[in-house]
């Protein structure tokens with residue numbers, strides 16, 4: 001159950017980052033203020049809930065194991081950036097993502 005909490009904390013953290021990115025996207029001047037407030041408000045909500053879940057994780061998992069698992073954020077953000085904003089990702093970046101996943105598997109298997 002705690003590992004599921006860690007995954008949700010990671011996903012909410014990523015959602016907060018993606019909302020911040022969306023807040024920076026261009027919109028008409030007449031809608032800009034509402035757009036920014038909406039997306040930054042969602043970002044704060046996601047990041048706040050992620051922090052609460054993260055505290056629950058830290059109560060049950062050594063920080064030396066739990067913290068590296070947040071590297072999943074790099075993986076989620078890369079995938080979302082490609083899907084949502086069609087951002088280019090170099091082969092070198094994908095290689096880095098693969099190393100991150102490998103590291104998470106290695107660290108996760110030590111528990």
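Quick reminder: no glycine exception, Cβ is built from N, Cα and C everywhere.
Because the structure is a prediction, the values reported are computed rather than measured.
Swiss-Prot lists transmembrane segment for one of the ranges 15-35, 36-56, namely 36-56. Swiss-Prot assigns residue 14 and residue 85 to topological domains bearing the same name, which places both on one side of the membrane.
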